[in-house]
Amino acid sequence: MKLLNAAVFFILVPTLTRALDPLSTSIFMGGAAVAWQLLSPHSWLKCSLLDCCNMKDTLNLSAIRMDLEQKVFGQHLAIQIVLRALSANMYSKWPRKPLVMSFHGWTGTGKSFVSNIIAENLYQLRIPRRRFVHHFSTVLHFPHLSHVHLYKEQLQNWIRGNVSACPRSLFIFSEMDQMPHGLIDSIMPFLDYHEEIDGVYYGKAIFLFLNNAGGDKITEIALDYWRRMKRREDIPVKKLQSLLSEEIFRNRSSGFFHSQLIQKNLIDYFIPFLPLEYKHVRECVREELRVQGHPEDEDLIREIASAMTDYPSEERLYSSKGCKTVASRVTLSI
């Protein structure tokens, strides 16, 4: 049908344009081309002006890599795993299951920041596709324990409906450590190995879980390496992922306590976000000064980073808030 419409269009255009002067002809042809682009379901012009789901225009991996390497500090393990996972998902024509990643670490270490970078680059055209990025805040969307059965039904319907509309949908669940027990297991069918469920293919969807739970375990391991004069870059990621999985499964405040998602190995990657050291906080302050349009001030950078590096109380090696309060501190200090 598309080819037939195109043929009719290009047959009629010469007939219609004979009676027009060159300027009118140019305007007519230009308008016709724009109209043709807007009527096409996945045209570049339509997708530039409107939200549209185009499976051929997906995951701007080069932009994600650049943003992660230039804007995320002290998280070499997380960056490596995220890039590897996204690359494998992107280059697989029909993934057997959705990509599921669980981010763990102290507040302010970059979990939300990394998820935002992925969301901003979900498609090759660097245009926000807000319709296809779904952010669930536990405190906002699931506040009442007595309504868990209702939340389960609503969550299933929301995921089913949105993946039906666009297979490359991104679902972000923040504050997982406050998630009502058992709620997250309601989405288990969508994360499992299925070709389709009721005619809907879920393999191109991405699920991200952001969780403060496990942060103490990650910090304990990092601190142990530092005290033994070993580099944090040498922490074995596979061992850390295994410890995280066990820790989260046993933790009643993780959102994954005895979860079937862990029992059935449906979470592909448990990604550790390491505690930030003084040098990492310095880079956060430097970047915030740039973002706010201020010149670099080494004395101010040193002052803010030193004040934020407070854990453990003896060594003062890490920032217990990560870089979370850097923006406000810079604003107050200028």
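Glycine too: its Cβ is placed from the backbone N, Cα and C atoms.
Here is what TrEMBL records for this protein:
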- G105, W106, T107, G108, T109, G110, K111, S112: ATP binding site (BINDING)
- 276-330: domain 'Torsin-1A C-terminal' (DOMAIN)
- 1-19: signal peptide (SIGNAL)
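All features noted in TrEMBL, drawn onto the structure.
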| residue | record | Cβ neighbours (10 Å) |
| --- | --- | --- |
| G105 | ATP binding site | 28 |
| W106 | ATP binding site | 24 |
| T107 | ATP binding site | 16 |
| G108 | ATP binding site | 23 |
| T109 | ATP binding site | 32 |
| G110 | ATP binding site | 28 |
| K111 | ATP binding site | 28 |
| S112 | ATP binding site | 17 |
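Across the domain 'Torsin-1A C-terminal' (276-330), the DSSP tally of helix, strand and coil residues reads 30 helix, 3 strand, 22 coil.
Each residue in F103, F113, N212, G215, F273, G322, K324 lies on the same chain as G105, W106, T107, G108, T109, G110, K111, S112 and has a C-beta within 8 Å of the C-beta centroid of that ATP site, without being one of the site residues.
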